[in-house]
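Read through the structure below, which is laid out as structure tokens, and then see the notes.
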């Protein structure tokens, strides 16, 4: 405290930070990247452990015997699905009722803002079917959910069969203290959104749905099951939910513990766990696994039906059955026993899952990185913005040098007007608002005048507005007053740097992966852009580090991590598809990534673009 309270020492410290500002910023950036890459090294991570006492032991006896019968039920479900051309509602209702469940249906409809060309749908109508198994020895105030989406074609029929098999098995158990809801939803996430809104009496997306006639207790946890083969070689755990939310780590620990007990091969991000962490290949494998989780979390989209449960503070995950060329084979009976064990342990919960972590990264299922370990990597990048802001502030408050005749430099002395700073701020944010609102509103006009579909019109309009923002005269008052002053661009950059620091800090608290990826590209731009650097080269650097180009790199990088490289043409088409899906996710489920980029991140980047062309 004495160092900061003594004016002389404080002045000396500030002088040191300003003299060595650029070297310190470079060191902080390299240290932040190195810290993040070191998080995947196993000695630097923590081993997973069960924090909840009620789930601390897997000493339960799993007795589910009806795997083959469940597969037969799945084949029967597939036959009725083909016969009806969609969800066989009547057959499902009769089958669930025969298993002793209280069965209810929910109809829903949703008109998309523009056609979803990936799934070929625009006006969506469907029906959810769910059955409630009432707890025989409890006041029925809490519930668990097991869901299996009714997918088109032959996908996920085995999951529906196994769900119905578990419903029949649980009907004869007397130890249940929570209701179990068996849900089969149509149209994947849209149907799940309709059911969750109906269950919690909310309507946040404007979807039309019929009220639920039957309801269980407060939902404590949920699992979504996806199986598309009679034989499974491994089970993959999917955790990433809407807006980067993650379930309580104990849910992942429970899955891993039962996989270890029963002998089921389990993966995360589709990658097996390796024990050679001290080798280069082992470390590279851990880095790939963690980076895949970072990329998925940064996208903000739910990567399974479980992703929408997290919005309602319900711990949920998706279990996917993978049929690959591995020699290990797992039958439906074993998967049923694993699910039985998990639900028996969740049935023991006396309170919501809360004792373990909600903010974490996982380089493997047996190790995790907590928020206290990965946040310093972001902090090292964010401190660069504060150092640059300090340097700019010192330059602004330092008196200008005097000339030989005793006069000060007029250009340095003149203070910037409010209009010179306010104008680029307003115009940049108006451009961001246009990027957010106009692509949906102008799609019909674009279709009338150009030979494109509605989806292409939305995406191309967004790209056109984004590109047009680079050519706008952000500081229009200079057309009348001439060139901007030195003090003017410094004040604007000080505002922009502090704005970016707050923006990235808030983003990282909600979605660390998104905040860190944006910091990697935007912090160098914010730190070193000035009107005095070479214009052509600097403009090129700013463009390749812009949010749109960052998204393009992420598309290729994601497929490289999945070991499925794509060509540039495939990547470009996928890039356009990612943009359309991001807009759809916002309007359908409330994903915040698209408005964040359009209304806040892009205008902030435009401020640095304006600083580059200040003179």
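Cβ coordinates come from backbone N, Cα and C, glycine included.
Curation plays no part in TrEMBL annotations; they are all automatic predictions.
Worth saying up front: this structure is predicted, and the values here are computed from it rather than measured.
TrEMBL assigns the feature transmembrane segment to one of the listed ranges (20-41, 42-63), namely 20-41. Of all ranges given (371-390, 391-410, 571-590), TrEMBL attaches the label transmembrane segment to 371-390. Across 371-390, 417-438, 592-614, stretch 371-390 shows the highest tally of CB pairs under 8 A with the transmembrane segment (496-529). Ranked by number of Cβ pairs under 8 Å to the transmembrane segment (592-614), the listed stretches 20-41, 371-390, 417-438 are led by 417-438. Proximity of distant same-chain residues to the transmembrane segment (20-41), defined by a Cβ-Cβ separation under 8 Å and at least 6 residues beyond the stretch ends, is recorded for 277, 283, 286-287, 289-290, 361, 363, 369, 373-374, 376-381, 383-384, 387-388, 390-391, 516, 520, 523-524, 527-528.
Beyond its flanks by at least six residues, the transmembrane segment (371-390) meets 14, 17-18, 21, 24-25, 28-29, 31-33, 35-36, 39, 44-46, 357, 359-361, 493-494, 497-498, 500-501, 504-505, 508, 512, 515-516, 519-520, 523, 526-527 of its own chain at Cβ-Cβ distances under 8 Å.
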